[in-house]
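TrEMBL annotations:
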BINDING   4, 5, 6, 7, 8, 135, 136, 137, 138, 139, 140, 141, 142, 143  ATP binding site
BINDING   51, 58  substrate binding site
């Protein structure tokens, strides 16, 4: 089994091998699959999504954000707390503008800090994931901490340009995904 560090490096390189045009086309396919996934879950109307960091070449969630906004979903994202130790929840339902911070992370203008208690679905960024739903992020543990802190059950759904790898080394604090959506399919994981 490869180490987490090796998997991170391999998947960063894999992502960088995609052109901007390829990333846009793959992001559109992922968006279509998310919308398809949501149509069979009409009870979900509170969605937390990550905002893509351009320099990291992540799945572009801005078109999805706009579409969900138009459909009337209540939308959330996260930002680092002042100490850089954890994530705060922001209501971005009415937000129309974003500005990148010093790290290049899009920050909503005029968002409202709120409780995460109403969230039903969390779209999770990742570099890689495996066949049983373990995900590999950037190594800071922010999303594992955030997901672990939620008091209500939520769908944890990763977004990836690629299909799963056989195995990712997992630790006790790692939170597994329920689903991962790639351009080719919706991967479902059972606990």
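Cβ coordinates are placed from backbone N, Cα and C, and glycine is handled just like the others.
Here residue 138 (ATP binding site) comes close to 8, 56, 127: these same-chain residues lie at least six apart in sequence, with C-beta atoms under 8 angstroms from its C-beta.
The binding-site residues recorded for this entry are 136, 140, 142, and the Cα of 142 lies nearest to that of residue 51 (substrate binding site). The Cβ of residue 136 (ATP binding site) has 21 neighbouring Cβ atoms from other residues within 10 Å, across all protein chains displayed. Using a 10 Å Cβ-Cβ cutoff, residue 58 (substrate binding site) registers 20 neighbours.
In the three-state DSSP classification, residue 138 (ATP binding site) falls within coil. Neighbour density for residue 142 (ATP binding site): within 10 A of its CB lie 18 other CB atoms from the protein chains shown. In sequence order, 136, 139, 168, 169 are the residues near residue 4 (ATP binding site), counting only same-chain partners six or more apart with C-beta under 8 A. Listed binding-site residues: 8, 51. The one with the lowest count of other Cβ atoms within 10 Å of its Cβ is 8.
In this structure, the C-alpha atom of residue 6 (ATP binding site) lies 19 angstrom from that of residue 58 (substrate binding site). If you take the Cα of residue 58 (substrate binding site) and the Cα of residue 140 (ATP binding site), they are about 16 angstrom apart, rounded to a whole number. Every protein chain shown contributes to the tally, and the Cβ of residue 140 (ATP binding site) ends up with 11 other Cβ atoms within 10 Å. Around the Cβ of residue 6 (ATP binding site), a 10 Å sphere holds 10 further Cβ atoms from the protein chains shown.
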